[in-house]
Amino acid sequence: MGFPSVRPRRLRRTTGLQRMVRETTLRVDQLIAPLFIRHGEGVSRKIVSMPGHNQLSVDMAVREAESIAELGIPAVLLFGIPAKKDALGSENFDPEGIVPQAAYAIKKAVPELVVISDMCCCEYTDHGHCGIINVPGVPGYDERLAEGYLLNDPTLELLGKASVVHAQAGADIIAPSGMMDGMISTIRSALDNAGMEHTVIMSYAAKYASAFYGPFRDAAESPPGFGDRSNYQMDPGNAREAIREVELDVEEGADMLMVKPALAYLDVIRQLRDRFELPLAAYQVSGEFSMVKAAAERGWLDEQRTAMESLTSIARAGADMIITYWAKDAVKWMR
Ligand code: PBG
Ligand code: ZN
């Protein structure tokens, strides 16, 4: 008798006790659902590497947005596949571009749904990089820099312009994802000067150069045509640098912060949560989704349990909001 007298298992004996002491429960309010929009009508094109997800034309995206809102999910994140790509990614700042069209149509059909626009050039540029590439003839060409280097300041100008266009079309939140220096202050002043001072900026503040984006590049048709993104996205080994990136974005006026990817960077989420007061999002990226899907198809993992465990862990690490390709499934699983 008497040994052991301290028995943590007492609190795990029944599901009632488990429910009472559970520290983290995923909430519907935390979820953000990504959507991929392309031109056309009645289009729903399977994304092979992301089972269950499709590139949708605006009309179909509106229907999908309605079903997302019906489930109680508060927000969608829009990505666009342009009609044509060029060196500057012109469709990104075209008021008739695919994301402005979608933002307008979704806000009209489902006004209460928060529309977030992923603000970057890589879906729109013919070279697939997140801004203007240094080659003779482009705006801001700099002969001191290597050919092919991503030009920071000329890119900022495009991001400011495109952000205003997307906000005027109806986007509630602009989410710059290109990891350009100064992108937050540039976008903030562009929005303010255009009278869009109520538009929120969610910064992809700590975005790593990650292999987990693989399936997304398929979904958004945006793989870099040469090289990789390691001279603008962060090195996976760095956590202090994430704090530095966030400090800058806070100073520049970000309203919300983000860490991306999520599962491989839970320590970064926790550190940022403990250190900063702004709402914090985590992006459970395409690879985090597809690797579980693939293993589940083989019967090696239980999709629902693996997905919910990952989502709960991301919330436990400190994320207030979670962008996830399981958003709709998660709501059903939570019921
Ligand atoms: C664009 C962007 C990417 C993702 C979100 N915005 C791709 C990249 O940076 O290469 C990845 C999302 C995902 O993998 O789900 N800058
Ligand atoms: Zn990009």
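Going from the start of the chain as shown, residues are counted 1 onward.
Keep in mind that glycine also has a Cβ here, set from the backbone N, Cα and C atoms.
Just so you know, TrEMBL annotations never went through curation; they're auto-generated.
As recorded in TrEMBL, the features of this protein are as follows:
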type	residues	note
ACT_SITE	Lys207	active site, schiff-base intermediate with substrate
ACT_SITE	Lys260	active site, schiff-base intermediate with substrate
BINDING	Cys120, Cys122, Cys130	Zn(2+) binding site
BINDING	Arg217, Arg229	5-aminolevulinate 1 binding site
BINDING	Glu245	Mg(2+) binding site
BINDING	Ser286, Tyr325	5-aminolevulinate 2 binding site
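Taking a Cβ cut-off of under 6 Å from any atom of ligand 1, the recorded positions Cys130, Lys207, Lys260, Tyr325 reduce to Cys130. Using a 10 Å Cα-Cα cut-off from Ser286 (5-aminolevulinate 2 binding site), the recorded positions that qualify among Lys207, Arg217, Lys260 are Arg217. Fewest other C-beta atoms within 10 angstroms, among the recorded positions Arg217, Arg229, Lys260, are seen around Arg217.
Comparing Arg229 (5-aminolevulinate 1 binding site) with Cys122 (Zn(2+) binding site), their Cα atoms are 10 Å apart once rounded. The subset of recorded positions (Cys122, Cys130, Lys207) lying with their Cα within 10 Å of the Cα of Lys260 (active site, schiff-base intermediate with substrate) consists of Lys207, given in sequence order. Residues from the recorded positions list (Cys120, Cys122, Cys130, Lys207, Arg217) with a C-beta closer than 6 Å to any atom of ligand 2: Cys120, Cys122, Cys130.
When the Cα atoms are compared, Glu245 (Mg(2+) binding site) and Cys122 (Zn(2+) binding site) turn out to be 21 Å apart.
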